[in-house]
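*Asks:* Here it is, the structure in full.
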Ligand SMILES: Nc1ncnc2c1ncn2[C@@H]1O[C@H](COP(=O)(O)OP(=O)(O)OP(=O)(O)O)[C@@H](O)[C@H]1O
Ligand SMILES: [Mg+2]
């Protein structure tokens with residue numbers, strides 16, 4: 001059974017329809033990339049999956065269990081589905097270490113030592129162990145973003161949503177994050193990434209979904225989508241990217 | 001820029017030597033000194049007749065020194081201006097002229113300040129020193145200060161207890177006012193009504209109603225409290241409403257993306273408030289909270305309307321016995337003295353917060 005099933009969801013902001021009958025299913029250990037023009041609803045879809053936004057209709061299931069509608073323990077759900085945002089949202093009044101251990105300590109009941117060990121190991125892996133006791137405003141954007149990923153990983157999510165995590169990074173840092181994401185994929189982490197970095201999408205994903213007019217317009221392996229897109233809209237989108245020198 | 005300079009260098013440009021300004025400054029300085037000399041003679045002579053010549057003599061000496069300094073400044077300005085006029089080298093002349101101007105402005109500003117101070121001094125001694133006698137009877141201030149200081153502890157106790165209660169109570173109200181959703185509405189509405197009521201009600205009326213009203217109710221517990229306690233209750237209710245608004249502004253000022261980050265980790269609304277929103281809000285609202293604190297201190301004097309023997313009431317008693325308000329002056333000095341350091345602290349904190357915000361925005 002798929003880990004995540006999105007079944008014909010719609011989403012309105014007032015009268016503006018962002019998602020219109022979108023369906024998608026993601027298997028365990030799969031890495032899915034969402035691509036599409038700016039404003040096509042990638043962020044909205046991700047925010048609907050962990051219920052930061054409400055869907056207007058349709059159903060989302062995790063392990064076959066409905067998570068849309070009423071009677072869902074949202075705090076519980078969000079512990080299992082991590083999200084890292086476009087803009088890094090580290091808590092400015094806590095050190096890097098504290099940012100990463102707060103949630104596992106208060107929500108998962110881990111001891112301070114246990115959480116700290118884990119956090120330091122992860123920070124080491126992203127090359128930021130030496131910043132553990134600094135406040136976020138002393139870190140570069142790229143460093144903050146890596147801490148944000150560590151913070152999400154500390155909750156051992158079964159699904160990780162990454163919303164344009166590389167768009168704020170310097171080119172050399174993109175590579176580091178790419179490594180980290182590849183590591184996570186190799187470790188079996190299920191992930192959905194929204195991204196404008198097509199090289200990144202092509203390299204890291206098992207499947208690429210092109211979003212257009214609030215639907216998954218075309219999906220396939222990176223080779224299929226980037227090599228031989230079937231839909232005219234997908235081709236146009238990719239053509240524009242090539243023109244802009246981004247592919 | 002550099003290019004235009006070289007182009008225009010051949011055109012002779014006037015050098016400002018500020019002759020007029022310097023002359024004016026020295027004239028004003030001389031006039032001020034003359035006025036001060038005259039005032040000193042008259043006032044010291046008067047004070048001597050009254051028997052407290054020594055204190056006045058010290059102040060007079062200070063005034064004399066300052067006026068001499070002002071005249072010197074003016075003279076120096078004139079001298080610099082003259083040298084500027086004689087200088088051969090144009091840059092040197094400009095430099096001297098600028099110095100002359102600076103000295104002139106200094107002399108004028110000091111003259112102005114001294115004139116105001118002299119005017120105030122005259123106000124104190126005019127009409128057979130009616131003002132000083134009424135407000136600044138030094139002997140009475142000295143003699144009453146012991147009693148007033150001990151009564152001032154009442155103000156301090158009222159302040160200290162209220163401030164703690166207010167900080168907690170206002171937070172409760174602020175949280176109630178920011179409760180989310182439909183379920184939060186009843187409490188949200190009640191908290192809003194409370195704030196509207198007590199922000200509109202003048203604190204002196206609240207104190208009056210509670211201090212005289214509760215004892216009349218014969219209710220158990222609340223009808224037999226000390227008047228200080230009533231004052232504390234009234235001040236807490238009044239300031240709770242104000243302070244909750246400050247908290248609320250702080251809470252609503254926390255960026256929504258931080259709240260989304262906390263919620264997406266699985267924190268509940270309450271946990272997000274506790275670990276993220278309130279700590280961040282508190283850091284931003286320290287300066288306005290401190291301002292609130294200062295006005296609370298001052299408002300402890302309002303408790304005198306319900307008969308609490310605080311410093312103000314004590315001083316009024318002394319004033320009535322002596323037909324003289326100098327004891328009240330003592331209280332005034334006390335209040336001002338404890339407020340000034342706090343006001344400076346608020347300034348510092350505000351500056352620091354501004355710097356931090358600028359650094360954050362960059
Ligand atoms: N809170 C909101 N209120 C109203 N409209 C919104 C809101 N959030 C997003 N939208 C609109 O929904 C549409 C989809 O936004 P979304 O952020 O999901 O796009 P996106 O695909 O992530 O774009 P980008 O690639 O630029 O991040 C946009 O047209 C946007 O203007
Ligand atoms: Mg987006």
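Each Cβ is built from the backbone N, Cα and C atoms, and glycine gets one as well.
Remember, predicted model here, so these are calculated numbers, not experimental data.
Among the features that TrEMBL reports, domain 'ABC transmembrane type-1' is placed at B:152-346. According to TrEMBL, the feature transmembrane segment maps to B:23-48, B:54-75, B:107-125, B:156-176, B:197-216, B:222-242, B:323-340.
Please go over these features one by one and say how buried each is and what sits next to it.
*Replies:* Residues 55-57, 60, 63-64, 67-68, 70-71, 73-75, 77-78, 81, 103-105, 107-108, 110-111, 114-115, 118, 121-122, 125, 129 of the same chain lie 6+ residues outside the transmembrane segment (B:23-48) yet bring a C-beta within less than 8 angstroms of a C-beta in it.
If you look at the transmembrane segment (B:156-176), the same-chain residues 6 or more away from its ends with a CB under 8 A from one of its CBs are 187-188, 190-191, 194-195, 228, 231-232, 235-236, 239-248, 251, 273, 278, 289, 293, 296-297, 300, 303, 308, 310.
Within the same chain, residues 222-225, 227, 230-231, 233-235, 237-242, 245, 299, 302-303, 305-308 sit at least 6 positions outside the transmembrane segment (B:197-216) and bring their C-beta atoms closer than 8 Å to a C-beta of that stretch.
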*Asks:* At a C-beta cut-off of under 8 Å, are there same-chain residues at least 6 beyond the transmembrane segment (B:107-125) that contact it? List them, or none.
*Replies:* 24-26, 28-29, 31-32, 35-36, 39, 43, 46-47, 59, 63, 66-67, 69-70, 73-74, 77, 131-132, 136
